[in-house]
Amino acid sequence: MADERGPINKSGPSSTYGATENNGESGGTRGAPATEDVIVIQDSGWYYIKFRFKEPFAEFLGTFILVAFGVGAIAQTVLSKGATGNWITIALGFGLGLALGIAVSGHYSGGHLNPAVTITLAIYRKFPWVKVPVYITAQVLGAFVAAAVIYLNYLPAIYNFAGDKRDVIGANATAGIFATYPQPFMSIGGAFFSEALGTFFLLFVILAMTDERNVPTTRIVAPITIGLTLTAIAISLGFETGFSLNAARDFGPRLFTFFIGYGVEVFTAYKFYFWIPLVAPIVGGLVAGFVYDSLLYWGEKSFLNKNVHHEHRAVA
């Protein structure tokens, strides 16, 4: 089966995809020569492309699912004027969207779906820095496309709600369906703290769920737990800023609204608030990584544990 070594180009039209060695411990006769199971493709077409770019494709699709369900829940609530949704349904939309997005993408990319997650794992878990811009680009694009799809789906309702106007602020504002905007009474410092705090909790749970020495989790338990964490954050901490907690989730849809007629106000509104969801979640994630690794994590991947080495010894 294919593994992380990726495609190996051979002479001629065929390509060999990955290989898993049989060392005699399983799947073969003990002591037999090492062999490899390979997938040989007779051309280097689409299969080659989707294998080579499986990680960004997975991040794109996972983030698309997260934002589509979350923004869709906001659209349904706002455009129906609360008749078919409320804050709880929005919180559930994002929580379920995150759980499903991780479930879809986790096997292929790890299911980051958030630049704060990617950067935190690069600093504290040795995630390759060369992949960081690729992951973040895929996440932003996934969020952008999700916003476009939800906009097209709800376009009749948007016209019914606001007519031809595309307002960022006001009674008929619809920009907040797609990107986050703070409550008018919030200061920049207060909004920054709120976004960082929410992301702290999210990343803390993610680090716990991916800690091999913590309670064992499965591909089902981890996404559900992380999704429920986002729902809990939304219910308890989300009111003041709209709980972006994710630069891609906010910037992708914000960029989309800029292009479709909401104008530069999507960036200038509320004292240029747009930079808060870009920076604060990353800060919150880094603090979460520092606290978790300082108090709980025993693994060797963290630079905080650079003097720790684990040895496997036979027990008499």
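Cβ atoms are placed via backbone N, Cα and C, with glycine included.
Marked as topological domain 'Cytoplasmic' by Swiss-Prot on the basis of a curator's inference: 1-59 (among others). A mean pLDDT of 55 is what the model gives for the topological domain 'Cytoplasmic' (1-59).
Taken from Swiss-Prot, the feature region 'Disordered' covers 1-31.
Sequence annotations record features per position, and here Swiss-Prot assigns compositional bias 'Polar residues' to 11-24.
The feature transmembrane segment is assigned by Swiss-Prot to 60-80 (among others).
Annotation source Swiss-Prot lists topological domain 'Extracellular' at 81-86 (among others).
Long-range contacts of the transmembrane segment (87-107) within its own chain (CB-CB distance under 8 A, at least 6 residues past either end) are made by residues 58-59, 61-70, 72-74, 76-77, 113, 219-220, 222-224, 226-231, 234-235, 238-239, 243. The transmembrane segment annotation in Swiss-Prot covers 87-107 (among others).
Residues annotated as topological domain 'Cytoplasmic' in Swiss-Prot: 108-131 (among others). Broken down by DSSP into helix, strand and coil, the topological domain 'Cytoplasmic' (108-131) contains 15 helix, 0 strand, 9 coil.
Annotation source Swiss-Prot lists transmembrane segment at 132-152 (among others), citing sequence analysis. Sequence-distant contacts of the transmembrane segment (132-152), counting only residues of its own chain at least 6 positions beyond either end whose CB sits under 8 Å from a CB of the stretch, comprise 55-57, 59-68, 71-72, 75, 109, 112-115, 118-119, 122, 158, 177-178, 247-253, 255-257, 260.
Here Swiss-Prot flags 153-187 (among others) as topological domain 'Extracellular', drawing on a curator's inference. Counting residue by residue with DSSP, the topological domain 'Extracellular' (153-187) contains 12 helix, 0 strand, 23 coil.
Within the same chain, residues at least six positions away from Asn172 (N-linked glycosylation site) with a Cβ under 8 Å of its Cβ are Phe161, Ala162, Gly163, Lys165. Per Swiss-Prot, N-linked glycosylation site is recorded for Asn172, and the stated evidence type is sequence analysis.
Residues or ranges marked as transmembrane segment in Swiss-Prot (evidence: sequence analysis): 188-208 (among others).
For the topological domain 'Cytoplasmic' (209-219), DSSP puts the residue distribution at 1 helix, 0 strand, 10 coil. Annotation source Swiss-Prot lists topological domain 'Cytoplasmic' at 209-219 (among others), citing a curator's inference.
Under 8 Å from some Cβ of the transmembrane segment (220-240) lie the Cβ atoms of residues 87-88, 90-92, 94-100, 102-103, 106, 111, 182-183, 186, 190-191, 194, 197-198, 201-202, 205-206, 209-210, all in the same chain and six or more residues away from its ends. The transmembrane segment annotation in Swiss-Prot covers 220-240 (among others), and the record cites sequence analysis as its basis.
According to Swiss-Prot, the feature topological domain 'Extracellular' maps to 241-271 (among others), an assignment based on a curator's inference. Across the topological domain 'Extracellular' (241-271), DSSP classifies residues as 23 helix, 0 strand, 8 coil.
The annotation transmembrane segment is assigned in Swiss-Prot to 272-292 (among others) on the grounds of sequence analysis. Same-chain neighbours of the transmembrane segment (272-292): 114-117, 119-120, 123-124, 179-182, 188, 191-204, 207-208, 211, 241, 244-247, 249-251, 254, 266, 302, 304, counting only residues six or more beyond its ends whose CB sits under 8 Å from a CB of the stretch.
Among the features that Swiss-Prot reports, topological domain 'Cytoplasmic' is placed at 293-316 (among others), with the record citing a curator's inference.
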* Structure fact -> Counted with DSSP (H/G/I as helix, E/B as strand, rest coil), the topological domain 'Extracellular' (81-86) has 0 helix, 0 strand, 6 coil
* Beyond the flanks of the topological domain 'Extracellular' (241-271) by 6 or more, those residues with Cβ under 8 Å of it -> 63, 66-67, 70-71, 94, 113-116, 136, 139-148, 151, 166-169, 175-176, 178-184, 186, 188, 191, 194-195, 198-199, 202, 230, 233-234, 277-279, 281-282, 284
